[in-house]
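What follows is a single structure, written as C-alpha cells, with notes after it.
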Amino acid sequence: MKNRLLWPVLALVALLILNVVVTPTFFSLRLQDGHLYGSLIDILRNGAPTLLIALGMTLVIATRGIDLSVGAVAAIAGAVTCTHIAAGGNPWVAMGLALALCAVLGLWNGFLVSVLGIQPIIATLVLMTAGRGIAMLITEGQIVTVDSPVYRQVGAGFLVLPIAILISLAVLGLVALVTRRTALGLLIESVGVNPSASRLAGVRARTIIWTVYVFAALCAAVAGLMISSNVSAADANNAGLWIEMDAILAVVIGGTSLAGGRYSLTGTLLGALIIQTLTTTVYTIGIKPEITLVFKAVVVIAVCLMQAPVRVRVGGRVRGKQGVPA
Amino acid sequence: MVAPEVGAVPAKSPGSASRSARSRGRVNVPKRFLPVIATFVVFVATFGVGSVRYEGFASGQVMANLFIDNAFLIVLAVGMTFVILTGGIDLSVGSVVALSTMIAAAALQAGWPAWLVVITVLATGSGLGLAMGWVIHRFGVQPFIVTLAGMFLARGLCFVISVESVSIKDPTFRDLATGSIELPGGVTITYGVVIALVAVLAAVYVLHLTRFGRTVYAVGGSETSARLMGLATTRVKIGVYVISGFCSALGGLLFSLYMLSGYSLHAVGMELDAIAAVVVGGSLLSGGVGFVIGSVVGVLVLGTIQTLISFEGTLSSWWTKIVIGALLLAFIALQRIIVRRT
C-alpha cells in the first residue's frame, strides 16, 4: 500500500529540493500581523481549490466514474454568489444559494449516471459544455465584481493560515474520517469494482453513486467560491477553466486508478501538492512561464509511467536491481 | 489479402438484433443505422426551422458555408471517430490543431516552402499520435490520462514556439485560403471543404473496406475476443491514435488556412466539440458502434445551431453551449433507449 505512494512522495521531495537549491529561503515562513506568509503557504493556498475538487473527484473515480463538469460547476457557484451579492443580497445567503444550486447539479449528474446508466464521462460532459453557458447566462456574459468583506474571507482571508487552506484540510479530514472510519469507503470501492455484484450483495450502489456526484459538485462549488472570492469577481468563462483536468491528474498521480475500486486520499493530497508545487517551481526557478505546460506534461507522464501496470508486473526485478530507494 | 471471415466479426453490433422477430414484417432498417438516421433527422429539422424562420437561410450558400466554417472540425471528428470506435478517447486534438497552426505559421515565416511545411505539420501530428498510442498500449495507462498529457504538451510547445499570434503571409497558403471553387447554382466552396470531404471518404474506405477498419470495430466490441481471434489489435490500438494525430494536424492546416495565422490559443476546447460531434453522430463511447458519416452529420448539426444563433442575432453566444449540451443529452438518452431495446 505504501509502495504506491513512493513515487509521488519522491516527485514532491525532488521538486521541493529543486526549489531550495534555487531559492535557499524557500522554506522560510514569517508571521506578520498574525498571518503566516511564505512560499509553502502560497503553494498550499493556490492549491486549495484543486485539492478540494480533487477530493470530490477521488470518490467519484473510486466508483469507476469521472466528473468533467466540476470546472463549470465552480464557475456557476461563483456566478450565482457574485450576482446575488451584486444585487444587494447577503453574502451568506448568496453562498448558501450557490451551494444549493450546485448540489442540484450534482444530483443531476448522479441521476444521469446511476439511474439512466449513462457513461460518466459523457454524462458529465453534458454539464461541462452546458455549464459554462449557464454560468454566462447568470452573469449575462459580464464579469461581475463584488465588494463584500465577508465573501472575500473565503478565498483571501486569514486565520493565521489562509482560510482556503483550512477549509480544504477540514474537508480532507472529514472525508478521511467518514470514509475510512466507517464502512462507507469500502462500499464506495466495492461499487467501483463491480456495481451489479455490490448491488446483489446488498450495497445500495445507486445511492452511493448519487452521493459521490453530489459531494463532488459541492466540493467544486466551494472551490468555485474560493476562486471567485480571491479576486472578488465572477468570470463565467475562465473561472475554474481546466481545473477538472488538474484535479483528475492530482487523483491519478496520487495512485488512484481510473478503473475504480481503490482510492487513496493521501495520494490525492500529494498529487494536488505536486501539481501546485510544479507550477510554483516553474516560476521560482525562472523557466519561462510559457513552458509550464510542457514541464507539467513531462512530469505527469513520468509519474504515470512509474506507476504503470506493466512496470508493476516486472517491478520485482527492476526494483531489486536498483535497490536504492529506502 | 482481405479475409472475408474477419468481416463477419459481430463487433457488439446491435444490427444483429434487427433480424429479431419483432422487427420482421416492418421496413427493415438495421438498428445500427438508427442513431445516424436520428442525427440526420435532427439536422434536417434544425435546418428546416432556420429556413422557415429566416429569409435567405435555406440557400445553397448557407449550406456550403456550413462546410466551409466547419471543414477542420469535420476532419477532427473523423479522426476522433476512429479512436472512440476502439473505446479510447483523444483529448489532445484541440492542442494539436493549435500546434499545427503554430508550426505552419512559424515555418512559413522562416521561409520554408509550403510543401515542406505541410509535410512537417502532418508528420508532427502523426508522431505525437504514435507516441501517445504507444504509451497507452505498451504501459497500459488510460487513454484519458495520456492524451491529457499530450494536450498539455502540445499546448506548451505552442507557447515555446511563440507567445504572440503569427500571421501567415505565404502566397501559396493565401491562394489556397482565398481560392474558391464554383459549384453549379452559384455556390462557392473553399479548397478546405474538398480536403475535408476527401478525408471523410478515405476514412469510410478504411473503416469499411479494409482489414484495419474491421479490426477497429472488433477491438471496440471486445479487445480480448479480437486478440484471441488473432487480429492485429496492437497495430490497430496504436494506429487509431496515429490517425487521430494525423487528422488533428490536417485539421490544424485547414484551421490555419481558415484563420491565416498561428496562435497558441487557437482551438481551445475544440476536442470537446469533436467529441460532442461524434456522440451526437451516434457513436458509443464504449466503442464498437458508430459511423464516420454520423460524425460528419454531427458536426453539421453543431454548425447549424451556431448559424441559427447568429441569424437570430439577439440570442447571446452562450446559448450555443447550452443547446449543444441539451442535444448531447438528447442523443445519449436516445442511444440508451436503443441499446436497452436490443
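Placed from the backbone N, Cα and C atoms, the Cβ positions cover glycine too.
Predicted automatically and left uncurated, TrEMBL annotations should be read as such.
Beyond its flanks by at least six residues, the transmembrane segment (A:43-61) meets 67, 70, 74, 120, 161-162, 164-165, 167-168, 171-172, 175, 179, 188, 192, 212-213, 215-220, 222-224, 226-227, 240, 243-244, 246-248, 250-251, 254, 256-258, 260, 263-265, 268-269, 271-273, 275-277, 279-280 of its own chain at Cβ-Cβ distances under 8 Å. Taken from TrEMBL, the feature transmembrane segment covers A:43-61 (among others).
TrEMBL lists A:68-86 (among others) with the feature transmembrane segment.
If you look up TrEMBL, you'll see A:92-113 (among others) marked as transmembrane segment.
Sequence annotations record features per position, and here TrEMBL assigns transmembrane segment to A:120-138 (among others).
Annotation comment: TrEMBL describes A:158-178 (among others) as transmembrane segment.
Summarising the annotation, TrEMBL assigns transmembrane segment to A:208-227 (among others).
For the transmembrane segment (A:239-260), same-chain residues at least 6 beyond its ends with a Cβ under 8 Å from one of its own Cβ atoms are 4-5, 8, 11, 49-51, 53-54, 56-58, 61-75, 78-79, 128, 135, 189, 191-193, 220, 223-224, 227-228, 266-272, 274-275, 300, 303-304, 307. Annotation comment: TrEMBL describes A:239-260 (among others) as transmembrane segment.
Residues or ranges marked as transmembrane segment in TrEMBL: A:267-287 (among others). Residues 4-5, 8-9, 11-12, 15-16, 18-19, 22-23, 26, 39, 42-44, 46-47, 50-51, 54-55, 57-58, 172, 246-247, 249-256, 295-296, 299, 303 of the same chain lie 6 or more positions beyond the ends of the transmembrane segment (A:267-287) yet place their CB under 8 Å from a CB of it.
What TrEMBL lists as transmembrane segment is A:293-312 (among others).
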Honestly, do the transmembrane segment (A:208-227) and the transmembrane segment (A:120-138) touch, with at least three Cβ pairs under 8 Å and pairs 6 or more apart in sequence? no
